[in-house]
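Structure first, commentary second.
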Amino acid sequence: MKSFVRISGLLWADILVAYAFFVMQSYLTDVWKLSFTHAAGILNFWNGISMVLPVFFLFLVDAFIGNFTMLVISSTAYTLGISFVAMSTPPVLANSTGTCKQYEPQCIGRTQKALFYTGMALLTVGIAGNLVSVHSLLEEQQDKPDNHTNSTRNCLKLPGFTLMVLIPLVGAIALPYIKPWDIRFGIPAILTLIATLLFFTGSFTYDKEQPKGSPITSVCRVFVAFFSKISESFPLKSSQLYRVNGVDSFSRTRFLRCLEKAAIVLPDAERIRRWELLSGTQIGTTEFAVRTIPMWMTFIVCGIVTSTGNTYFIEQANRMDRKLGSWNPPIELLLLLSGYSREGVAFVAEKYPKKLESFISIPTIIADAMIFSVLCCITAAKVETRRINVITRHGLLDKPNEEIPMKVGWLYPQFALLSIMDVGIEMAVASLTKKFECPGSVRKYIVCFAKGVCGVGFMCGVLSVYAVGEVSEIGGKTNWFQFTLNRSRLDRYYWVLAGLTSLTLVLFVHVAWCYKCIYRQGMIDPASNDE
C-alpha cells in the first residue's frame with residue numbers, strides 16, 4: 001500500500017503541473033511580450049521533445065537502468081525543472097539580480113531567462129521519464145506476493161479515484177484564481193517536491209526488476225544480419241531457416257521477404273552468432289514494424305493539428321468573453337472539458353470493444369481520426385473568421401488586450417473534435433497491439449513510438465507556421481502571422497491545415513488499400529516450401 005501511494009504521488013503532481021502549464025502561452029505573450037507565434041513555437045518544440053524522448057528512455061530502461069533508476073532521474077529533473085520555472089518569474093530573484101518585480105519584459109533578465117529555459121529542458125526529461133516508468137514500476141509492485149495485496153488495492157481505489165477527480169478540478173478552477181505567476185507556478189513546484197521526497201522514502205522497499213533487454217536491439221540485429229547476408233540467395237525451404245529449439249516458425253510473405261535472409265543458416269557457420277542469425281519471431285517483429293511505417297507517418301500531420309490546442313486555441317480564448325452569468329470561469333476549464341470529452345469517447349470505445357472491432361478496422365479508425373482532424377481545422381477556421389469580424393466591427397484590431405465581445409463557448413467544438421481525434425489515434429494503437437497479439441515489451445514501444453511521431457508533428461508545426469508565413473508574403477502581400485493575433489489571419493492557416501490533413505487522408509487510404517492487396521496476394525504457404 002505504501003509503495004502504491006508513494007509512486008502514484010508522482011502522477012498526481014504531474015496532473016497539477018499540466019494544468020499550470022496549460023496557460024503558458026498566455027504567460028509568454030502577456031509577461032514576456034513575445035509574439036503569439038514565437039510563444040507557440042517555444043511550447044510546441046518543448047512539447048514535441050517531451051513526446052519523442054520516451055522512446056529513447058524506454059530503451060534505456062529495458063536495456064540498462066530499469067524503472068526505479070529512471071524515476072529517480074526523472075522525478076529529480078521534474079522537481080528542479082518546475083522549481084526553476086517558478087524562480088524565473090520576475091518577483092522571485094528581483095533583489096538578487098537587481099531587476100524589477102513587475103510582470104514586464106524589462107524585469108526579465110538573463111538569469112531569469114536562463115532559469116526558464118533550463119527548467120523547461122529539465123521538465124522534458126521529467127515528463128518523459130515519468131511517462132515511461134511510473135506505471136511500469138507500479139506493475140512491478142503488484143507482482144509482489146502479499147496476502148493483503150488485493151484488499152489493500154481495493155481500499156485504495158476510492159481515495160485514488162477521488163484524487164484523480166479532485167486534482168484536475170483544483171487545477172482547472174482553484175489554481176487559475178491565483179494571479180501572481182510566481183505563486184501559480186510555485187504551488188505545483190512545492191507539491192512536486194513533496195511527491196518526489198515521498199517517493200524517495202520508499203527507495204529501499206520497492207521491488208525492482210532488472211533490465212531484460214529491449215526489442216529495439218532485436219530489430220537492429222535483424223538488419224545487421226540481413227546486410228551481412230545480402231548477397232545470399234533467398235531460402236527456398238523453411239528448413240534452411242534458423243529456428244529456436246527447432247520450433248520457431250515463419251509467417252512467410254513476399255512482402256519484405258528479403259529480411260528472411262537474416263535467418264539463413266550458412267553451411268560453413270561454426271557457431272550461432274547473436275548478431276548474425278535471427279529467429280522467425282524476431283524477423284516477424286521487424287517486418288511488422290516496417291509495415292506500419294506509413295501509418296506512423298499520418299500521425300505527424302495529426303501532431304501538427306494537435307499542437308494548435310495548447311497554443312493558438314488558448315491565444316484565441318485569452319481575450320474572449322468567458323462569463324457564465326456572474327461567474328467568469330478560467331481558461332483552464334477548457335482543458336477540463338476537453339479531458340472529459342476524451343474520457344467519454346474512450347469509455348464508449350471500451351464499453352463496446354467487440355462490437356466496434358466487428359465493423360471497424362484499424363485503417364478505418366485512423367481514417368476516422370483524420371476526418372475529425374479535418375473537421376477540427378475547418379471549425380477552428382470558421383470560428384476564427386467570425387472572431388476577426390467581431391474585432392473589426394468593434395475597432396479592436398490594434399487593441400489586443402481588450403476583451404472581445406464573443407463568447408468563448410464558440411471554441412468548445414474545436415476542442416472537442418481535437419480530443420476525439422486524439423482518442424482515435426490511441427484506439428488505433430491499442431487495436432494494433434491487440435490484433436497482432438504484441439507482447440507487453442513490444443506494446444510499450446508501439447504506444448511510445450506513436451506519441452513520439454505525434455511529437456515530431458508538434459515540431460513540424462513550428463516549421464509549418466514559418467513556411468506558411470513566408471509563402472503568404474509572396475507578391476508583396478502581408479504575412480498572415482503578425483505580432484498580435486488580432487492582426488493575423490490564423491483562420492487561413494487553419495484552412496491550410498485542413499487541406500494538408502485532407503491530402504494526407506487520401507494518401508493514407510491509397511497506401512492502406514495497396515498494403516491490403518500486397519499482403520493478401522503475397523502470402524506463401526510455408527508447407528509448400530518444405531520437402
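Quick reminder: no glycine exception, Cβ is built from N, Cα and C everywhere.
TrEMBL entries are annotated by machine, without manual review.
Features of the protein shown, as given by TrEMBL:
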TRANSMEM  6-24  transmembrane segment
TRANSMEM  45-65  transmembrane segment
TRANSMEM  71-93  transmembrane segment
TRANSMEM  114-138  transmembrane segment
TRANSMEM  158-178  transmembrane segment
TRANSMEM  185-206  transmembrane segment
TRANSMEM  293-314  transmembrane segment
TRANSMEM  359-381  transmembrane segment
TRANSMEM  445-468  transmembrane segment
TRANSMEM  493-515  transmembrane segment
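Counting residues 6+ beyond its ends, the transmembrane segment (114-138) has Cβ neighbours under 8 Å at 4, 7-8, 10-11, 14, 17, 42, 46, 49-51, 53-54, 57-58, 61, 67-68, 70-71, 73-85, 87-88, 93, 206, 444, 448 in the same chain. Each of 45-65, 185-206, 445-468 was scored by its Cβ pairs under 8 Å to the transmembrane segment (71-93), and the highest score goes to 185-206.
Across 6-24, 293-314, 359-381, 445-468, 493-515, the stretch most heavily in contact with the transmembrane segment (185-206), judged by Cβ pairs under 8 Å, is 6-24.
Most Cβ pairs under 8 A with the transmembrane segment (293-314) among the ranges 45-65, 359-381, 445-468, 493-515 are made by 445-468. Within the chain, the transmembrane segment (445-468) has long-range Cβ neighbours (under 8 A, six or more residues past its boundaries) at 37, 40-41, 44-45, 47-52, 54-55, 58, 131-132, 214-216, 296-297, 299-308, 425-426, 429, 432-433, 438, 480-481, 493, 496-497, 500.
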